[in-house]
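I have placed the structure first, in the form of structure tokens, so that the comments after it can refer back to it.
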Amino acid sequence: MGLRSFVEVSPDSHFPLENLPYGVFRPTSTAGGDGSPPAPRPGVAIGDFVLDLSVISAAGLFDGLILKDSPCFLQPSLNMFVGMGRPAWKEVRLTLQRLLSAEDPTLRDNTSLREKSLLKMSEVEMLLPTVIGDYTDFFSSMHHAKNCGTIFRGPENPIPVNWFHLPIAYHGRASSVVISGTDIIRPRGQGYPTAKSPPYFGPTQKLDFELEMAAIVGPGNELGKSINVDEAADHIFGLVLMNDWSARDIQAWEYVPLGPFLGKSFGTTISPWIVTLDALEPFACDAPKQDPQPLPYLAESKHINYDIPLEVWIKPAGHEHPVIITRSNFNNLYWTLTQQLAHHTINGCNLRPGDLLGTGTISGPEAESFGCLLELTWNGQKPLNLIGAARKFLEDGDEVFFTACCKSLKEQSVKLSGDSTLLFAGGESVTGAHPCGFCLARGRAGGGGEEKREAMSIVPRETIEVIAQSIGIANLSPDVALALAPDVEYRLREIMQEAIKCMRHSKRTILTADDVDSALSLRNIEPIYGFASGDPLRFKRAVGHKDLFYIDDRDVDFREVIDAPLPKAPLDTAVVAHWLAIEGVQPAIPENSPVEAIVAPSENKKSDNSKEDGLHVDLKLPVKHVLSRELQLYFDKITELTVTRPESILFKEALLSLAADSGIHPLVPYFSYFIADEVARSLNDLPILFALMRVVRSLLQNPHIHIEPYLHQLMPSIITCVVAKRLGSRIADSHWELRDFSANLAASVCRRYGHVYHNLQSRLTKTLINAFLDPSKALTQHYGAIQGLAALGPGVVRLLVLPNLEPYLQLLEPEMQLEKQKNEMKRKEAWRVYGALLCAAGKCLYDRLKLFPGLLSPPKHKVWRSNGRVATSTLNKRKPSTIHSMQQPPFKKMAVDGAIGTMTTGSQGAEDRFPTQSSGAGMGQSSAAGQVSVEAIGGRRAPTGSAVLAQAWKEDLDAGHLLASLYQLFGEGVLSFIQPVEMSFFV
């Protein structure tokens, strides 16, 4: 199911919530105080509206780590924003999808902000989205290259040889790039001469469009540094449609030898909306297979295009409706966007944010998928029939529309729509603009000067020839050697990079031959065995050669080499990452403490560690607690993930590390202070609070650390997450789960460390019961207190909660009723508290019924009822002795210390008693219990046996009271805590 926005978006809209393209606009309905037009500002398209990003930014709704307080959306263009990089793009996209979603009330329920930030598209004027500093147009479609080459050069050699080895391009004119809807004036220039006549001069007779798309460059690169092809996608902000208008007769005459000039520079139209690569990610597909394989700097690990269907419509002058003339697809590009960008910078050319990189005309293999009129009409030889209007090339007044729409199987769509309008009358424009959506007209030049491929390698051709001769290839062609040189260099660089990694893992700074052998082994290549020096290789520079080095080997006696024993076979390399390696960074671990930390005091100083009698006293040096570098990295990474990425997979791995690693005990005090500070600071941030409690749980689970001394710092933070009045800042925040989680955490601390701190559970219980019985506390605090008491066990609930259950429910009942409590939120909180009480009491009941399994079962002995008295009899009658009291379980011994709170349920509860049969657990180790008579009227008991045994039997009967009492308070809800047999017996 797709995303749903509170802004009404029709099913066929070009701008659903999945798209969110960026543009720059100016409102047409308002003007400045001096009558000047409003300033341009960035926006995002949603349905038939434009979201003003400057208003959203001024309202402080971009509160992420990167965009907080950033002025990027207060600029008249998108250049600053696109230059901030992919992390900023993703942060803004997630923020906008949340603000525009139907579930988030921030913008939906703020009428003033919503009316100020959402403008109708009919009330805005679209402008160029970025300030374009430079514009490059590539020649990346193989079908277009083949068709144009056949038209201009013949079918014998349609595609230049260099085309399959590099993305050919030319540098266009950025000043003539205009927004969709701008009028284009028919250019003038020299045309191709016919026969012996001079070149023609005048308005072009072959005005053409070119169906293209263009990439908007994000972060650029420094002059002299190239961009790796596998990292190029992070430098592309998004795509626009582009029409590179072309004068074919002018182009054909001028393009040799330097490529297009006046035939292209008169106008290029782009769409107003930039669709980001994040929006296009669901439509990624495999790019065409490239043969021959590209050079290493163009060989990308992910060779992908995007499945973007493209259409071109023409509305002839004087006609009312446009006619579709071609359907193509973006995936017809032979060279991908990333390869184009990587090739553009391989010579060190610096790109800048906002630069425009055109793909070139995108043509498919079929005639109906050609991307320009030059191909569709085969240079005017096959005119198109446009419903009564024949066209070889564009005429004055024709309007060209480009559209693109991506649609997945789930009907999720990212669309581009718009138009480019042409009207010409004697070379002057008399046309008006059409509304622009997300699509627009664009084109690509077919002719380009051929470039001679040059080898780009530091490996000389002669070296390749020598290697060839050493393996038996005597006559290697110089061209082949030149072509092999870049590949040899690439493979050598790979080996050396692996060798450097081996060196760093060995904590060395000098590269040795062993590192190279290890690198070869990692690539399943047999290392080079033979005579090797144990010392590092010493290279010397050759005199008169800047880049030539040699090893000054000593003279070796060949007989010594023969007589020497064979060296031991090298061990297989085993590289194991240390547990403290963080994101591939292996910090250097010091072997021993620094000498300064363990040096003894100097003898010439007066010794303070000697007594007056001259005897020396052995004093230990103070220990300074200093974290090692790797522990500091570990701590910083864990805290960063806790605060910024608590939902990431990496954070989950960090929790596993905290729960199992044995070397993090020095970090426990740091984590304790961090958790205490962050809990106090982040009470309004529920995800961070939950992440902090998960960190506490992992620390408690770690068997290798001694956490007892730091419980006094952790327990207040845990209790705060249990009984705090408010956790989280949004109504939708589910703080109930956090309270449940923290309550169980506090109970586990008491169970595990109660023997160390004898007053730990008593202090926790006192805090919780005070919060539970204080009527001035909020219901959320009552809920946390109940859950905390319930987590401590059924015994705590029986002693502290059940005696106060009936009066508390009397106070809670009005808060649950619609007639008395109109606040829906407080009413829901009351029902939450009611559910917590029911669960706590039910678990207590279940525990008591498990403790006395014969309580609700039919008796095995004779049972008779007489005047409300119930008695059981056995064959062997013995009086209970005091020995039994010594064998009572702990909960029965508690009855001696103080009275156990029981619930009075009225006369009915006193009359409906159940027969009780003594068990081994209740009567010590005696299997043949003596006769015990119990009076069931008014809760009185026959005064037989010792006082301790009588008190224990009182507990047994109180368990029998419990079910009937809870049934009166909670109704049938309590029956879910009874085993089926027992429940049927009760019913």
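The backbone N, Cα and C atoms fix where each Cβ goes, glycine too.
Record features, source TrEMBL:
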type	residues	note
ACT_SITE	H144	active site, proton acceptor
BINDING	D137, E210, E212, D244	Ca(2+) binding site
BINDING	F139, R153, Q251, Y255, T361	substrate binding site
BINDING	D244, K264, T268	Mg(2+) binding site
COMPBIAS	917-926	compositional bias 'Low complexity'
DOMAIN	457-523	domain 'TATA box binding protein associated factor (TAF) histone-like fold'
REGION	905-926	region 'Disordered'
* Cβ neighbour count (within 10 Å, all chains shown) around Q251 (substrate binding site) -> 27
* Going by Cα-Cα distance, pick out whichever of the binding-site residues R153, K264, T268, T361 is nearest to D244 (Ca(2+) binding site). => T268
* Asked: If you run through the domain 'TATA box binding protein associated factor (TAF) histone-like fold' (457-523) with DSSP, how many residues end up as helix, strand and coil?
  -> 48 helix, 0 strand, 19 coil
* Do you know offhand how many angstrom separate Y255 (substrate binding site) and K264 (Mg(2+) binding site) by C-alpha? -> 10
* Structure fact -> If we take the Cα of the residue listed as 'active site, proton acceptor' and draw a 10 Å sphere, the binding-site residues of R153, K264, T361 inside it are T361
* **Among R153, Q251, K264, T268, T361, which are recorded as binding-site residues, the nearest neighbour of E212 (Ca(2+) binding site) by Cα** => T361
* Structure fact -> Cα nearest T361 (substrate binding site) among binding-site residues (D137, E210, K264, T268) -> E210
* **T268 (Mg(2+) binding site) and F139 (substrate binding site), Cα-Cα, nearest whole angstrom** => 16
* T361 (substrate binding site), number of other Cβ atoms within 10 Å -> 34
* **Lowest local Cβ density (other Cβ within 10 Å) among recorded positions: H144, R153, K264** => R153
* Asked: What is the separation, in Å, between the Cα atoms of T268 (Mg(2+) binding site) and E210 (Ca(2+) binding site)?
  -> 10
* From the Cα of K264 (Mg(2+) binding site) across to the Cα of E210 (Ca(2+) binding site), what is the distance in angstrom? -> 11
* What Cα-Cα separation, expressed in whole Å, is found between K264 (Mg(2+) binding site) and Q251 (substrate binding site)? -> 7
